[in-house]
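Record features (TrEMBL):
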| type | residues | note |
| --- | --- | --- |
| SIGNAL | 1-17 | signal peptide |
| DOMAIN | 34-147 | domain 'Ig-like' |
| TRANSMEM | 168-190 | transmembrane segment |
Amino acid sequence: SSLLFFLFPCTDVGVSGGSASKENAAVTLITAQPLLLTTHEPWHLLVTQTPAKEKAKEGETVVLNCHFNRPRRPSLTDLMVKWYKEDEKGQMDLIENNVTVLPNNSRFFLSGDLSQGDASLVILNVTTSDHGIYFCEVTLPDGKVVTGDGTKLRIRRALGLFGIEESIGTIIGVVAAGIGGVVVLIIVLTPQLRKCVLCMRQGSQQ
C-alpha cells in the first residue's frame with residue numbers, strides 16, 4: 001500500500017474527502033500535466049530547404065523541398081506550415097495553415113507528408129513572375145516559429161526557336177547590334193560606291 005500511495009499521492013485525497021476534495025484532486029491533476037510534459041527532453045525544431053537554388057523553364061512543374069525533424073511527443077496534426085515568396089515587389093504569402101491563400105489559384109500546394117516531416121511545395125505551370133526566394137515556415141502548437149533558409153527560384157523563358165532558350169532582352173540586343181552594324185557598313189561604303197559609279201561612267205564615256 002505504501003508503494004501505491006507513492007505512485008498515486010492524489011488518490012487518498014479524492015476518496016477520503018467530499019465532493020470538494022474530488023474537485024481539488026482533479027484540478028491538481030490537470031494543472032500537473034503541463035509540468036510533466038516540460039520535464040521531458042526538449043525538442044528542437046529544425047527546418048531545412050535544399051537545394052538553395054532551383055531553376056526551371058516556363059510551363060514546367062517545380063517542387064521546392066522543405067523538411068523538418070519530427071517531434072517525439074507533440075502532435076503533428078497541430079503543426080502549421082506556411083510558404084511565402086520574396087522578390088523585388090516585396091513579400092507574398094502562398095500557403096498558410098497548410099492550405100493555399102491565393103484566390104482562384106491552385107498552382108501552389110503542399111505535396112509532402114507532414115507526418116514524415118515533409119512540407120515540400122509544388123508550383124504548377126511556372127511563369128517568369130514566379131521567380132524569387134521561397135521560404136518554408138513551420139509553427140509549433142506552442143506558437144514557436146522556425147523558418148528555413150529559403151530557396152531561390154529562377155525561371156528561364158522558352159522561345160521555342162530551334163530549341164534555343166534565351167531571354168527576350170538578349171535576342172533584342174543581338175538583333176539591334178546586327179542592324180546597327182549593317183547601317184554603319186552602308187554609311188562607310190557609300191562614298192566608295194559613289195566613286196565606283198563615277199569611274200564606271202567615265203569609262204563608258206571614253
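Heads up, the Cβ atoms here are built off N, Cα and C, so glycines get one too.
Heads up, TrEMBL stuff is auto-annotated, nobody curated it.
Residues in the domain 'Ig-like' (34-147) partition by DSSP class (helix H, G, I; strand E, B; coil) as 14 helix, 47 strand, 53 coil. Per-residue confidence over the domain 'Ig-like' (34-147) averages out at a pLDDT of 86.
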